[in-house]
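Among the features that TrEMBL reports, Mn(2+) 1 binding site is placed at A:D92, A:H200. The GMP binding site annotation in TrEMBL covers A:199-203, A:320-321, A:369-372, A:S376, A:393-396, A:K469. Look at TrEMBL and you will find A:H231, A:H320 tagged as Mn(2+) 2 binding site. The active site, GMP-histidine intermediate annotation in TrEMBL covers A:H393.
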Amino acid sequence: MELVEETPYRFRIDRHGDMRVPGVVFASHRLLPSAGDGALEQVVNVATLRGIVGASYAMPDMHWGYGFPIGGVAATDVARGGVVSPGGVGFDISCGVRLLAADLDRADFRRFGERIMDGLGRATPRGPGRGAVWQLPRAGLEHVLLEGSRYAVARGRGTQRDLERCEDGGALDNADPGQVSARAAARGLGQVGSLGSGNHFLEVQAVDEIYDRDVAETFGLHPDQVCVMIHCGSRGLGHQICTDHVRAMDATMADHSLTVPDRQLACAPVDSRAGRAYLGAMAAAANYARANRQVLGVAASDVLREITGHGLELVYDISHNMAKIEQHEVAGRQLTLCVHRKGATRALPPGHPDLPPSLRNAGQPVLIPGSMGTASYVLTGIPGGEAFFSTCHGAGRTQSRHQAVKSVDARALRRDLERGGILVRGSSARGLAEEAPTAYKDVDEVVAVAEGAGLCRRVARLVPLGVVKG
DNA sequence: ATGTGC
């Protein structure tokens, strides 16, 4: 794989073979995937998709994924037969991050720490399988799929202000529950308000450093403040929807004369029956994921209020696994694009019309969870941001889960975290080992490279005080 | 990521 170093933080893969556009990898030498890991080959494969414009992009946290790399961004021109691919969204549709801020500082947390973590541990269903904050009646699921966080708020779980601090006001309006299989719905019914497993977590954090005081203040953040970060997605429902629609699309590829270099890139034109079906189901899963984070956030706020007298205010909620229909200027032309962000976060700049009035001058908060025991970041979009206003989404794995389990002793890891002053409420020893920070890139470096590449700007750095592990 | 594998 030939990489052309354009700047210290930007590498290009020139068009060759069936590529319709070049590949662009935002990374430092250190963060580039090791040769043979397959992620760069996936960037090339994505560049062959029908209708792709600009480039096949990869963020500094990129690594190998299903079809598309995780950390991949690709946009297709809807009017020119551009495709949508479930592999460009990922199995955990609308997996994302919610950050809430408390009117408490680090010293307050030290006073109540064990009680707060016990309370959050009890209030936060986690691990594979069932258990959820919100026991929905069957009829309620349809509302969640159509209305997302708005339905949770309408049922008393949150406030109108919360919705202003959610991407899309808490719900996508093009959800089509008719495209959600009975099996997907059955899996989703009992999981609204649950973390799941893998890299999902709820963390209590402290604001350790502020890079932009004005923007931080607009976001509701100040030094030493206690925050709660929640990272989770659409659970079994999103997974089943992805499985169902990959299968359906795979069967319709020939009808649209589509060929792809990897079967995991199964796709359909956005403007086709299969494409619309997937996007309607994907939006339903996205609404489910937003409601999931909404009710988990409210449950965490209730715990904090009960113990300390102070609840939590929402900073923002943003997804990093989505395909969205957006308007962008490409080579001087205004185009309607299907922007896939898979393990990549939208980063709208100050002044963008999609931002709510309270964030219009600051830009969109970008929430970057670090690996366990390491820092997390709040960033914001910048004018002229490349890759359709996108940036990284986290630290990015360097080791597979299997490799991590082989090389990490879960008990030693827990001891190290607690010695570092981080209170741990786990789910399973294996889950803890899989998520060891040694299995991840350095989030500080990932974020520095994303900023150096001109994708976003740092606003605040948060450090963990306690983790409820999925 | 996922009732972790058809």
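Cβ atoms are placed via backbone N, Cα and C, with glycine included.
Structure coloured by features recorded in TrEMBL.
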residue	record	Cβ contacts under 8 Å, 6 or more apart
A:D92	Mn(2+) 1 binding site	A:G233, A:S234, A:G238, A:H239, A:N321
A:N199	GMP binding site	A:H231, A:P369, A:S371, A:G394, A:E435, A:G470
A:H200	Mn(2+) 1 binding site	A:R126, A:H231, A:C232, A:G233, A:G470
A:L202	GMP binding site	A:L120, A:T124, A:L195, A:V228, A:M229, A:I230, A:H231, A:L296, A:A300, A:V467, A:V468, A:G470
A:H320	Mn(2+) 2 binding site	A:C95, A:G96, A:V97, A:R341, A:G343, A:A344, A:T345, A:H393, A:G394
A:G396	GMP binding site	A:L31, A:P60, A:D61, A:M62, A:H63, A:I70, A:G71, A:G343, A:Y440, A:K441, A:V446
Fewest-neighbour residue among binding-site residues, criterion Cβ within 10 Å, set A:H231, A:H393: A:H231
Helix, strand or coil at A:H200 (Mn(2+) 1 binding site) [DSSP, three-state]: coil
DSSP-derived class (H/G/I helix, E/B strand, else coil) of A:H393 (GMP binding site): coil
